[in-house]
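Annotated features in TrEMBL:
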type	residues	note
TRANSMEM	6-22	transmembrane segment
TRANSMEM	43-62	transmembrane segment
TRANSMEM	74-96	transmembrane segment
TRANSMEM	129-150	transmembrane segment
TRANSMEM	170-189	transmembrane segment
TRANSMEM	201-219	transmembrane segment
TRANSMEM	285-306	transmembrane segment
TRANSMEM	318-337	transmembrane segment
TRANSMEM	349-369	transmembrane segment
TRANSMEM	390-406	transmembrane segment
TRANSMEM	412-429	transmembrane segment
């Protein structure tokens, strides 16, 4: 493997270590022992849940290909997962608010474990069922756990500012360190131990089962609006009214959809961008490098949120602009750097520049997650938190399905340009959110239509 990859990884690792070790009292928030116990319990569960998710990601496509399915059939399976999350996500989110967030978290574990079990079958229909179950589980992962945390945090009377600590640590561990370790562990199972591509799914099921036991034994139940008089349709209507009547919620949904849509598109595009001529690149090591960059971002976010100025609404404008510029690099290098005609071989000069830009984007992702969690905790009403959060994922899932279906229809530079524009729009909307944050809610049909 080329020295360049080691240098980038080592530099990022050194910066992350320096940031964590150099934190002063201004960068830390004094908390109580009761909160620390509560936070550590949640972080343990969240890390186990994310381990169950990260272990599967690198091997889904590979597993399907070993079963003999072509690119078209695999694409259909992926679309089924995102489509399932779109169609059933809002329903399971509403059930979480009504039936209990702890119960929804346990449901996530059971659903994802069943999805993992289906990977043992080479039958297309069984794998399709697994993708549908996985889509439902994903909706619960990105709504039920956060909803439980916010409600439980408030119920126990902890200070609102302390939520930012849990959010930033959850992203630092779950989306950073755990992702790196999961990638290495999966590689160990498949390559070193030669257990086959289904082994990471079995390991994921084990981690999910352990997390479920901890949830059942140590978490208490909390609800959004448990009123028996409200059916699902009424809950949907209430969530839609909340979005339509509060411009801050509508703007937040639009910002989230624009950023996450760009992020998931990036996931599909970074490999062909770095190896347009089939250059030999270490995918697993690059993935670990991206996760390290994300850890850097979450470490920066924890510092920013620990201080009063700047506010989240303020610095996120800059983050969106930086992320937009970083995804312009493939377009810029296509004009300024002569394309390499060498097949295979190592990474090209333009690929090296793009890798640095992509690491910058991943650092922005690391800042985005705890920051958007913080804003959601402030603006989304408690009684319909899970429902509204899954409403936000509807345009995201539609966008990803469209991209997957047309991934070969547009040049890669066009796709990156589209993502860059989306991120600039997110910055503009973030500016608007900051302006109205301290004002009474206003009705803005244009913003609402754009968000929904």
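Positions of Cβ are set from backbone N, Cα and C atoms, glycine also.
Unlike curated entries, TrEMBL annotations are predicted automatically.
Across 129-150, 201-219, 285-306, 349-369, stretch 285-306 shows the highest tally of CB pairs under 8 A with the transmembrane segment (6-22). Remark: the transmembrane segment (390-406) makes no contact with the transmembrane segment (285-306), by the rule of 3 or more CB pairs under 8 A.
Cβ atoms under 8 Å from those of the transmembrane segment (318-337) belong to residues 259, 262, 266, 273, 349-350, 353-354, 356-358, 360-361, 364-365, 367-368, 371, 412-413, 416-417, 419-421, 423-424, 426-427, 430 of the same chain, restricted to positions at least 6 beyond its ends. The highest tally of CB pairs under 8 A with the transmembrane segment (201-219), across 43-62, 74-96, 129-150, 285-306, 349-369, is held by 43-62. Under 8 Å from some Cβ of the transmembrane segment (129-150) lie the Cβ atoms of residues 42, 45-46, 49, 53, 56, 77-78, 80-86, 88-90, 92-93, 96-97, 101-102, 104-105, 107-108, 111-112, 114-119, 163, 166, 219, 222, 224, 373, 376-377, 382, 385-386, 389-390, 393, all in the same chain and six or more residues away from its ends. Counting only same-chain residues 6+ beyond the ends of the transmembrane segment (285-306), those with a CB under 8 A from a CB of the stretch are 1, 5, 8-9, 12-13, 15-16, 19-20, 23, 26-29, 58, 164-165, 167-169, 171-172, 175-177, 179-180, 183-184, 270, 274, 312, 315, 355, 358-360, 362-371, 374. Only residues 6 or more beyond the boundaries of the transmembrane segment (74-96), in the same chain, are considered here, and those with a CB under 8 A from a CB of the stretch are 60-61, 64-65, 103-104, 107, 127-128, 131-136, 138-140, 143-144, 147, 224, 232, 235-236, 239, 384, 386-391, 393-394, 397-398, 400-401, 404-405, 407.
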